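Input: a single structure, listed below in structure tokens.
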Amino acid sequence: MSTWGQMNLMDPASPIQIEMMLFHDHAMAILIGIFTLVSCLGVKLCFNTLSTRTMHEAQLLETLWTILPAFLLVWLALPSLRLLYLLDEQSSEGIVLKAIGHQWYWSYEMPSMNVSSIDSYMIPEDDLKPGEYRLLEVDNRPTVPYGMDINVIATSADVIHAWALPSMGVKMDAVPGRLNSMGFHANLPGIYYGQCSEICGANHSFMPIAIEAVDVKDFINMCN
């Protein structure tokens, strides 16, 4: 999870988040290269006293500054499109977790496991136990098995919310009257935190998301 003063991304806990971090590093390398080149050219031009009034065209230069940016855009676009399609992929055999946004809490259902609605409210700061996190802990955490595909379906009962779990690489709008879906695959057991990522009213900051990933056997025992 995020910590105070953190300068990098959260540790990835799913394959799709690993892919996102790789694309981030790929894009940053290209951007740093462009920034360095433009900065060096700008400094050189500031100190360059040579000029010419007879040169009206430079075919080679014009060709280069047309082809190179186009090549860089393609170099960015191809992995971006691949990642975009990966985000939309979902397993037909994945466990369905339905998240319903309310002002200002979440409720969850797991139809395939016969789990009825679970309301998940933020634990007030005065009720936190030692070691628990302010504004992130909830009274009821939905449990999912790690190492298996999870298909999350998000909707809302009132206004627009957004269900986000950064370490899993998941963020999607929860819109009234509409079902949005994304999948994730937890690589490791643990508790993963997120928050509503769409301003939804006065208590928008107080509707956290907490998901617990456990072993498959433990998950089956909990459902039974």
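Quick reminder: no glycine exception, Cβ is built from N, Cα and C everywhere.
Outside the topological domain 'Mitochondrial intermembrane' (1-26) by six or more residues, the chain places 76, 79-80, 83, 86-87, 133, 136, 166-170, 184-188, 190, 192-193, 213 with a CB less than 8 A from a CB of the stretch. The feature topological domain 'Mitochondrial intermembrane' is assigned by Swiss-Prot to 1-26 (among others).
Same-chain neighbours of the transmembrane segment (27-48): 72, 75-76, counting only residues six or more beyond its ends whose CB sits under 8 Å from a CB of the stretch. What Swiss-Prot lists as transmembrane segment is 27-48 (among others).
The feature topological domain 'Mitochondrial matrix' is assigned by Swiss-Prot to 49-62.
Feature annotation from Swiss-Prot assigns transmembrane segment to 63-82 (among others).
In the topological domain 'Mitochondrial intermembrane' (83-224), helix, strand and coil residues by DSSP number 26 helix, 63 strand, 53 coil. Annotated topological domain 'Mitochondrial intermembrane' per Swiss-Prot: 83-224 (among others), in sequence order, evidence recorded as sequence analysis.
Positions annotated as Cu cation A1 binding site by Swiss-Prot, on the basis of similarity to another entry: His161, Cys196, Cys200, Met207. Around the Cβ of Cys196 (Cu cation A1 binding site), the number of neighbouring Cβ atoms within 10 Å comes to 25.
The Cu cation A2 binding site annotation in Swiss-Prot covers Cys196, Glu198, Cys200, His204 and is backed by similarity to another entry.
For Glu198, the entry in Swiss-Prot reads Mg(2+) binding site.
Sitting within 8 Å of the Cβ centre of Cys196, Glu198, Cys200, His204, and not among those site residues for Cu cation A2, are the Cβ atoms of Gly101, Trp104, Val159, Ile160, His161, Ala162, Ser197, Ile199, Gly201, Met207. Each of the binding-site residues His161, His204 was scored by the other Cβ atoms within 10 Å of its Cβ; the lowest score goes to His204.
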